[in-house]
Structures are given as C-alpha cells and as structure tokens.
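What follows is a single structure, written as structure tokens, with notes after it.
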Amino acid sequence: MTKIPAPSEKTSSQTSGSSFRTKPDWIRVRSPGGVAFTETKGVIRKLGLSTVCEEAACPNIGECWTKKQATVMILGEICTRACAFCNVKTGLPDKVDPMEPGHVADIAAEMKLEHIVITSVDRDDLEDGGASQFVKVIEAVKARTPETTIEILTPDFRNKPEAALDAIVKAHPDVFNHNLETVPRLYPTIRPGARYYTSLRLLEKVKERDPSIFTKSGLMLGLGEARLEVHQVMDDMRQADIDFLTLGQYLRPTPNHVEVSEFVPPENFKAYAATARAKGFSMVAASPLTRSSYYAGADFRRLKEARMKKLANNAEKIQGEAF
C-alpha cells in the first residue's frame, strides 16, 4: 500500500485564522470564455435550466463548458439544507417545474451528449425528496436520446429513502452517485443536515436492488480530516460495494463558508488514489481539481471497460478451476 508523503493529521480545530488562504499554483485555473463556452451557456439559458457548475462555483466550469459538458441541476436553485461547504442558496424552494424533464432531454439532444450528469438540490419539503422528478428526467432523456448514458448525483431522500430508491432503480440510470463529502467526525459541522451512515447505506441499497448500476461517491479533502479517517471511509465504501471513488480539494466559495484547513498537495492525492485502487475500487479519480462530474463521460467508459475486464478474468478463473 502506498505511503502518503508528509501526511497531515490535522483536526478541524487546526484551521487557518485568515478569512481566505492563498491558493497554491496547482489550484489555479483559466478564466472561462471562448466560443464553445458561450454556446454552451446559451443553450442552458435558452432552456431555462440550472447547472451545478454555476451554482456550486465549480473551478472547472471553463474547461467543461468549452468541451460542451455540463451537469444539469433539477428541482430548482434553492436547497432546504445549509451545508457548511456548499455555495448553493438555502431557503424555501419553488414548486417543481413539470416542464423540466423535457428541457433536460432537449439539452441532451441539442448538445448531442453521449453522457449526461443530473443532480439536484435537497428537497426535504417534498414527500419523496424529489425522487419522482429524477425518474421523469431519466425517462425523458431515454425517450429523446436513448444512446445517451445517464449519471445521477442525488440527495439522500431522507423522508422516504426506500420508496425513492425503488423508483429510481427501476428507472435504471447507468450511474448512481451520492457523495459522502467528508469523514464521519466532521459531519456535525460540515454536513449537519445529513448522517454519514444514512448516506453510506443509501449507496449500498442501490447495489442490493440492482448490481448492474454503477455506484459512485466522493470526498472533499482539506476540511480537517486525518489520513487514517480517509482510509476508513474507503473501507466503508468498499464494504458497501461502491465502484467509483472521487477525491478533490475543498475550495471555500465565500467568507461565509467553512475555512480551508489545508491545501492537499497533488502527490498526496496520487498516494490516496493508489491506496484506493489497492482496496478494490474499479475506478478512482483523485486530484485537487477533481469534482464528481469532472470527465464523467470518459470515466464512465473506463468504468465499463474495468467491469468487462473483471468479468472476463472471473470467467477465466472459474474455467481454470473447473479443469
């Protein structure tokens, strides 16, 4: 197992006292712009859709939109929770838009998307947490562009998780993503509206219902987590049979959000990735700028290839044992 160079064992109490820490060179990105970026923005505006790229102030928006890639955010722009790291607005959400599924299907068709990522705000005001809207969007995209693969990044549906999962699994997205975000110890301050084991169990239940759906989850680093805590989360994820792990640097969006505890060096991300692969993840994406949807389409293709290779190896092993 790869040893992480100069591992940080800081806790959340050891954060910087400054309002904003200077970002290291490896965090710098180009300002968004260009023809392709403007075209993507135009399509999104025309259809009246929201994107997590904008709402969460993603550092990769320039690169992704230039490549005609965007993560669509359904169920409005206002979240019912107030996580300490998140830039999405909090308050009383608007009514669910019945035209939204069709608009998402339109963007998949107009941008000729091979792979689409659909996420949402938390909607604890809705009885099903918004699960039925996810289902409608999945069905609309499949009807309009059946060749488009679908990845969803969901909330925890804490009101009725069992019914929500039954409906979503039946709709059969290609990838079910739900981020754990941070280590259990930091949940009370970083993600107070959620519970670590509830989120972990959600992913496990997807696999129990349909093993063919890829499951995916991610952590933000630099919030005060210790190295061994990250390793334990990896073990928990593998116990839940999660296929794909993402690790990225937490970046503070405004002075009103929780401070960055540290900027984790790229070499530490590489070491974490090596550890994760050794623990059995089919796919690992780990770098300071990695986000859940970053290179999602290309990663999905590699994830399918990894599964096919694993199935082939298992078949050869069984055949060899038979003789």
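Note that Cβ sites are derived from N, Cα and C of the backbone, with glycine treated the same way.
Because TrEMBL annotations are produced automatically, they should be read as predictions rather than curated entries.
Features reported for this protein in TrEMBL:
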{"type": "REGION", "residues": "1-25", "note": "region 'Disordered'"}
{"type": "COMPBIAS", "residues": "8-21", "note": "compositional bias 'Low complexity'"}
{"type": "BINDING", "residues": "C53, C58, C64, S293", "note": "[4Fe-4S] cluster 1 binding site"}
{"type": "DOMAIN", "residues": "65-282", "note": "domain 'Radical SAM core'"}
{"type": "BINDING", "residues": "C79, C83, C86", "note": "[4Fe-4S] cluster 2 binding site"}
Near the [4Fe-4S] cluster 2 site, what residues other than C79, C83, C86 in the same chain have a C-beta no further than 8 Å from the centroid of the listed C-beta atoms?
R81, A82, F85, N87, V88, T90, V121, D122, G193
Would you report the average pLDDT that the model assigns to the domain 'Radical SAM core' (65-282)?
94
Just jot down the residues in the same chain as C79 ([4Fe-4S] cluster 2 binding site), at least 6 apart in sequence, with C-beta under 8 A of its C-beta; none if empty.
C86, V88, K89, T90, G91, P93, V121, D122
Using all protein chains in view, find how many other C-beta atoms are within 10 Å of the C-beta of S293 ([4Fe-4S] cluster 1 binding site).
28
Do me a favour and check the Cα-Cα span between C83 ([4Fe-4S] cluster 2 binding site) and S293 ([4Fe-4S] cluster 1 binding site); whole Å is fine.
19
Local backbone state of C79 ([4Fe-4S] cluster 2 binding site), from DSSP in three classes:
strand
Within 10 Å of the Cβ of C83 ([4Fe-4S] cluster 2 binding site), how many other Cβ atoms are there?
20
Please give me the CB contact count at 10 A for C86 ([4Fe-4S] cluster 2 binding site), counting all chains in the structure.
21
Check the DSSP secondary structure of C86 ([4Fe-4S] cluster 2 binding site), expressed as helix, strand or coil.
coil
